Amino acid sequence: MEFQEVLVWITFLAAISFLLKKFFFKKKKNTKICGQDECGC
Amino acid sequence: MRQINVALVGNPNTGKTSVFNSLTGLNQKVGNYPGITVEKKEGVCKLSRMLKAHILDLPGTYSLNASSLDEDVAIKLLLNKNDKDYPDVVVVVSDIENLKRNLLLFTQIKDLGLPTILAINMADRMEKKGIRIDIEALEAKLNTKIALVSARKNLGFDKLKELISNYKMLSTESCCEITHIDSAYFENLEKAYPNQNIYKLWLIINNDVNFGDLNRNPIENKTQDFTPKSKSELKHLQQKEVIARYLFINKSLKATLTKDINAAKGLRASLDRLLIHKFWGYFIFALILLLIFQAIYNWSAFPMDLIDLGFANLSELTKQHLPDGQFTRLIAEGIIPGIGGIVIFVPQIALLFLFISLLEESGYMSRVVFLTDRIMKKFGLSGKSIVPLVSGTACAIPAVMASRNIENWKERLITILVIPFTTCSARLPVYLIIISLVIPDENLLGFLNYQGLVLFFLYFLGFGMALFSAWLLHLIMKNSKKTYFVIEMPDYKLPIFKNVVITVVDKTKSFVFGAGKIILAISIILWVLASYGPNEKFSKAEQIVNEEITAENLTLSAEEVNTKIASHKLRYSYIGYMGKAIEPVVQPLGYDWKIGIAVITSFAAREVFVGTLATIYSVGSENEETIKQRMSKEVNPVIGGKLFNFASGISLLLFYAFAMQCMSTLAVVKRETNTWKWPILQLVIMSAFAYVVSLIAFQLLK
Amino acid sequence: MSIADLKSGQKAIITDISALTIPLKLLEMGCLPGSEVEVIKINKIKDPLYLNINETYLAIRLETARDILVTTLNTSDETN
């Protein structure tokens with residue numbers, strides 16, 4: 001596979017894992033608040 | 001350098017945050033207390049070459065008797081010696097005019113045995129208000145040191161810093177004896193815990209908070225002759241405590257403070273007469289709202305166009321200068337338009353927060369609460385619901401949390417449930433782009449912009465819907481407790497420029513970096529899904545399209561062929577298949593599958609809508625058109641004509657006005673109501689309602 | 001009589017508050033027996049009731065006001 005293709009898929013996986021972490025594995029640290037932290041609205 | 005912990009405590013409306021800002025400047029960060037959604041503001045202040053202070057701005061509270069989550073935070077910190085933020089010294093911030101009431105909190109904290117400094121803010125207004133204080137005498141009565149400060153004029157902070165530095169010189173003795181309110185009870189407590197601060201024990205019993213080895217039950221069970229108090233007895237004793245403290249305070253102030261009652265009441269009276277007038281009050285409130293929305297629309301148009309164009313150019317430059325390949329395309333077509341889709345809303349969000357913080361700072365917001373309580377009560381809400389509902393225009397999450405100061409649970413729950421109907425700033429991007437596509441940019445009567453009017457109407461609609469559903473809920477839900485309502489009516493003040501700037505910068509930054517990260521991640525995923533396909537129809541798109549053209553004997557320019565290939569590719573990409581699958585659901589609303597995808601992705605965050613469309617449309621596009629131009633060229637695949645026309649535009653606007661599309665809001669409602677029942681009800685009912693309304697609108701208008 | 005019965009501008013002293021229904025918060029804000037209270041009826045708005053208690057300005061609903069008993073100070077021309 002071409003080098004650029006590899007970069008694309010790495011970025012893609014990073015994006016997916018970021019979202020998963022954000023919405024499904026944030027139970028332990030309940031530090032979300034809008035206006036201060038990452039709030040998605 | 002040595003560091004000490006300083007806690008800033010005070011009543012609401014005393015300018016505590018201004019004092020905090022003056023001490024720390026921009027050297028502050030806002031976060032959360034772990035596990036709860038109470039804002040934690042901390043900052044650093046350099047006291048001398050050898051010493052700096054870590055300053056914690058605790059939530060405003062009237063006393064140490066917790067009646068809300070916010071107040072709980074203050075109490076827990078002051079009682080817990082093991083907390084890493086446990087203060088070496090406490091600064092109680094009071095304002096000059098309500099010194100008496102502020103001293104209640106002061107005496108309570110002093111009685112905990114903490115070194116406590118009294119900072120009297122707004123000292124610059126003393127003369128105007130005809131107030132004179134004998135500082136030395138008051139210091140003696142309260143057994144502490146006092147600093148007169150003015151956050152507005154930036155006066156007195158050297159003295160305050162000096163007092164903080166020398167906190168070890170302060171007396172830690174209590175100043176106000178309260179044990180006489182029930183001598184026998186307190187004697188027993190003292191016997192059981194000879195080494196503990198008696199007031200601390202009392203607070204622990206009262207507030208039912210647990211701290212490791214010290215909690216309520218063992219305290220009460222330790223001695224045989226100790227009879228625990230019932231809840232109502234405790235409440236009665238608490239009332240007695242408040243009264244005893246006020247007696248002490250009155251005595252202390254009588255000898256030290258003189259006040260010319262007739263001085264400068266004029267401004268309050270005359271402004272009140274106008275601003276809470278039965279007719280003019282509402283009229284002015286409506287006018288202010290209209291002004292805000294017109295300003296958001298008109299003032300931000302120019303910077304937004306610049307940003308839009310800038311990102312389109314950047315995209316083009318990237319393509320020209322980076323080596324050709326998939327990753328370059330990801331940057332130019334996915335990431336840059338994605339970031340552009342966030343940055344473009346900075347001007348508007350900054351403006352909105354500017355206005356909200358001006359209204360709060362000036363004292364006008366309390367008048368709105370006063371003015372609206374009578375009306376809100378009929379809808380099962382409280383006048384205090386107006387603050388959450390208005391902050392809901394920024395973001396539903398802080399709004400849900402702002403509902404905490406509503407005393408009655410039913411009123412509070414209804415407020416929380418209807419907040420998502422108010423138009424939050426995340427809907428703004430969606431509204432703006434659709435309005436600019438389907439509503440003419442012309443003026444009514446020469447000065448009222450139609451687009452601005454539609455925007456105003458949408459805000460109005462959200463608010464109206466919130467009220468209507470509150471009324472429905474009010475009818476359905478049973479009322480268990482007697483409601484009550486107390487609101488302070490603070491003095492009118494000119495907003496302090498620094499405070500306003502800090503709020504605006506804070507909130508805008510958190511929008512860009514908070515919501516922005518999600519949008520960026522989604523843009524990347526979407527681009528990949530749109531740039532790859534599962535089968536040969538995607539990978540051999542060029543071949544297939546060329547064969548089609550030959551078969552049908554078409555003569556097309558090179559550019560037309562490219563567009564045809566691009567749209568063929570998109571159709572058979574992963575996202576194309578996903579979109580097609582949901583198309584039957586969204587078609588009756590006047591949307592194509594691309595909009596369908598955008599609607600779904602906006603469940604992560606509404607403003608993702610714009611970024612999604614930007615990403616989907618720019619895939620394969622060769623020239624530097626802006627998002628808006630691309631959208632306006634789209635054709636409805638079923639009925640022909642422009643995809644974004646009046647009917648589908650209105651349908652989309654209505655869908656976004658009513659649908660519950662924010663995962664973070666659902667999460668915060670769950671946390672505040674302590675059950676999944678309410679957020680799930682919100683999600684289902686609001687989304688179903690949005691679908692039906694949009695359906696009707698499109699079918700009627702098309 | 002209670003605060004709810006006061007006329008605009010009339011001053012009174014709080015004599016008793018119904019301990020079970022009045023929130024502690026109201027006491028903490030200075031609404032306690034012995035405090036002087038003035039009712040400010042701007043534009044004849046009766047509910048919520050705009051009060052000046054010891055120079056603290058606050059507003060409460062009429063139903064809460066009924067639970068705060070007072071005796072009037074200036075009985076000259078405004079007695080019922």
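Each Cβ is built from the backbone N, Cα and C atoms, and glycine gets one as well.
No curator has checked TrEMBL annotations; they are predicted automatically.
DSSP assigns B:K16 (GTP 1 binding site) to a helix. As annotated by TrEMBL, GTP 1 binding site applies to B:10-17, B:57-60, B:121-124.
Every protein chain considered, the tally of other Cβ atoms within 10 Å of the Cβ of B:N21 (Mg(2+) 2 binding site) stands at 23. What TrEMBL lists as Mg(2+) 2 binding site is B:N21, B:T24, B:G25.
Using a 10 Å Cβ-Cβ cutoff, B:S22 (Mg(2+) 1 binding site) registers 23 neighbours. TrEMBL lists B:S22 with the feature Mg(2+) 1 binding site.
Annotation source TrEMBL lists GTP 2 binding site at B:G35, B:I36, B:T37, B:V38, B:E39. When secondary structure is read from DSSP and collapsed to three states, B:E39 (GTP 2 binding site) falls in the strand class.
Annotated domain 'FeoB-type G' per TrEMBL: B:3-170, in sequence order.
The transmembrane segment feature in TrEMBL is assigned to B:279-297 (among others).
With a cut-off of 8 Å between Cβ atoms, the residues of this chain six or more beyond the transmembrane segment (B:335-359) that come close are 288, 292, 295-296, 299-300, 303-304, 307-308, 310-312, 314-315, 318, 365, 368, 390-391, 393-394, 425, 428-429, 432, 495, 499-500, 503-504, 507-508, 511-512, 515-516, 519-520, 522-524, 527, 607, 610-611, 614-615, 618, 627. Residues annotated as transmembrane segment in TrEMBL: B:335-359 (among others).
Among the features that TrEMBL reports, transmembrane segment is placed at B:379-401 (among others).
Among the features that TrEMBL reports, transmembrane segment is placed at B:413-439 (among others). Residues 296-297, 341, 344-345, 348-349, 352, 379-382, 385, 388-390, 392-396, 399-400, 403, 406, 450-451, 454-455, 458-459, 462-463, 465-467, 469-470, 473-474, 477, 511, 515, 602, 605-607, 609-610, 627-628, 631-632, 644-646, 648-650, 652-653, 656-658, 660, 662, 665, 669, 672-673, 678, 681-682, 686 of the same chain lie 6+ residues outside the transmembrane segment (B:413-439) yet bring a C-beta within less than 8 angstroms of a C-beta in it.
Per TrEMBL, the feature transmembrane segment maps to B:451-473 (among others).
Within the chain carrying the transmembrane segment (B:511-530), a Cβ under 8 angstroms from the stretch's Cβ atoms is held by residues 330, 333-335, 337-339, 341-343, 345-346, 349, 425-426, 570, 573-576, 578, 597, 601, 604-605, 607-608, 611-612, 614-616, 619, all 6 or more beyond its ends. Taken from TrEMBL, the feature transmembrane segment applies to B:511-530 (among others).
Summarising the annotation, TrEMBL assigns transmembrane segment to B:595-619 (among others).
If you look at the transmembrane segment (B:639-659), the same-chain residues 6 or more away from its ends with a CB under 8 A from one of its CBs are 421, 423, 427, 430-431, 434-435, 437-439, 454, 458, 461-462, 465, 589-592, 595, 599, 602, 606, 609, 631-632, 686-687, 689-691, 693-695, 697-698, 701-702. If you look up TrEMBL, you'll see B:639-659 (among others) marked as transmembrane segment.
Here TrEMBL flags B:679-701 (among others) as transmembrane segment.
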Contact set, same chain, for the transmembrane segment (B:451-473): CB under 8 Å, 6 or more residues outside the stretch: 289-290, 293-294, 296-298, 378-381, 385, 389, 392-393, 414-415, 417-419, 421-423, 427, 431-432, 435-436, 439-441, 444, 653, 657-658
Binding-site residues compared (B:T14, B:T24, B:N121) - the one with the fewest other Cβ atoms within 10 Å: B:T24
Whole-number mean of pLDDT values that fall within the domain 'FeoB-type G' (B:3-170): 86
Per-residue Cβ crowding (10 Å cut-off), top of binding-site residues B:G10, B:P12, B:G25, B:P59: B:G10
Cβ-centroid neighbours of Mg(2+) 2 site B:N21, B:T24, B:G25, 8 Å, sequence order: B:F20, B:S22, B:L23, B:L26, B:N27, B:Q28, B:G43, B:C45, B:K498, B:I502
Separation of alpha carbons, B:E39 (GTP 2 binding site) and B:P12 (GTP 1 binding site) (Å): 14
Proximal to chain A - binding-site residues among B:T14, B:K16, B:N21, B:E39, B:N121, B:A123, CB under 8 Å: B:E39
Rounded Cα separation (Å) that holds between B:P59 (GTP 1 binding site) and B:E39 (GTP 2 binding site): 8
